[in-house]
Amino acid sequence: MKSFRYLLSAWGKKIVNDKYILILLGISLLVHLISFNLPREVVFDEVHFGTFVRSYVTGENHFDIHPPLGKLFIVATAKLGAIQLPEDLTTIGQTYNARDLFFLRVFPLLIGIFLPILCYLLMRELTKSQIAAFIAGLLIVFDNALLVQSRFAFLDIPLLFFGFASVWMFLLQERASSIKTKFFLLLATGFLFGISYSIKWTALAMIVPLGLLLWRSFWKDKSFHLLFAKSALILLASLMVYAFGFTIHFALLTKPGPGDAYLEQGFREKPFIEKVILLNKAMYSYNKSISTQHPYASRWNQWPFNQKPIYYWNRVVPEQEKEQTLQRLQELTLEIQSDPQRFTEISQEVRELQQKIEWWKGNRQIWLVGNPATWFLGIFAVFAGAVLLALKIITRKPRDISAPTLFLLLASWAASFLPFTPIDRPLFLYHYFFPLLFSLLLAGYIGSWLISRFIPKQRILLSLCIIASVLVAGFLLTAPVSYGWSFDPNEWYHNSILRVLL
């Protein structure tokens, strides 16, 4: 246990002293915290996730097509905030209590802030290159789609975080010297992997990178016993987490509710294992049967090219609400003029009304669309990586690039992407997030290889600045529809930039 604590302390010092991590963390805090918790209205799938979270608070049974653990994390932050969620989140654009929305959204936000840091650490461990890790971190921190998805009560960013964290833990385990440390890191790998697929089953794609790393480990050790022991520990730990999510789920949902319609009679009285199996069967069947079309659904072959973004929200203020707000502001202004001593008492309400009126101005929209520079570099890296891997296998050149690393990232991209190709149900751009991250890690690796091969050492900083500038340009062009900033529908941004992006 001492060696494990020592290792944690050593990692902590390395992280704090790593200038690249501090840069990425600073940028990530900035881009995520700008205009956070705006709009103070229900956005896209918050209609579903918010309602599910509320049902855990009320105890009324609900049915969802995804496992429960991700929603339970949001429930935990809701409990910490002591929020009541007095009514269901029923429609997109529904005005809702700002404090309640904050605690629904804060968990994905915090995870989103640290996702670039995690991917940096993973790449540094995988490639032993700070430059590769930093480029990958920049690509992730400046992606608008990942940013948008982390700012609302959605679960895709936590799904990514825990899935990739499991791979990082396994990589750390590979170079740990103590048996106890290896055991704890393998246990952590299993727990993190379990958390990821306890949020959504799409995280099961992480079986491929973990499986390839296990095979690489076997190739070094030449021990089937070790391979079996490691695999069994990861699997059992992940299944424990998966079962734990359902344990809490059943314990909280003790009252009849709309979810009962999807389950057979007497479901509650059945043994725990049988309930888990029956509920998972119902989730799978419902997933398979979804056929309702959606105007922003997309095909798998559109995703790598950032096509068919999703219209999440737009600001349409009812005239009655405008009149009531302006009238109330006028009343408060007159009160202050007639009795200046009341200014302190009512100034907070005045500020809130002024902010509300400012929020109405211009055209405000939020779209799930990626940074065009980031997504282009990602798909380019996939094609370039495939070519480099083929050359490496056939000619054994270039000598200074790792075929196993290329294969790991390419195979993981394919394993998380290709299973979507035969699916007929409506799918969306965010289903590409796992392959997107693998493509960005690959872009970081190939980018660092190109820099080390063709750029003199004294110009490496300049190269990184050029890459960052391109990413910042793409980020800023997309930012108005990521943050819901105001723009005139008749000006150049709407007529030029948005036509290309959307």
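Each Cβ is built from the backbone N, Cα and C atoms, and glycine gets one as well.
So that you can see what the record holds, here are the features copied from TrEMBL:
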- 23-253: domain 'ArnT-like N-terminal' (DOMAIN)
- 272-498: domain 'Protein O-mannosyl-transferase C-terminal four TM' (DOMAIN)
- 20-38: transmembrane segment (TRANSMEM)
- 102-123: transmembrane segment (TRANSMEM)
- 130-147: transmembrane segment (TRANSMEM)
- 153-172: transmembrane segment (TRANSMEM)
- 179-195: transmembrane segment (TRANSMEM)
- 201-219: transmembrane segment (TRANSMEM)
- 231-252: transmembrane segment (TRANSMEM)
- 373-394: transmembrane segment (TRANSMEM)
- 406-423: transmembrane segment (TRANSMEM)
- 429-451: transmembrane segment (TRANSMEM)
- 460-483: transmembrane segment (TRANSMEM)
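A contact between the transmembrane segment (179-195) and the transmembrane segment (373-394) is absent, since fewer than 3 of their C-beta pairs, 6 or more residues apart, lie under 8 Å. When each of the listed stretches 20-38, 130-147, 201-219, 231-252, 429-451 is scored by C-beta pairs under 8 angstroms to the transmembrane segment (153-172), 201-219 comes out highest. The stretch with the most CB contacts under 8 Å to the transmembrane segment (429-451), chosen from 20-38, 406-423, 460-483, is 406-423. Summed and averaged per residue, pLDDT over the domain 'Protein O-mannosyl-transferase C-terminal four TM' (272-498) gives 85.
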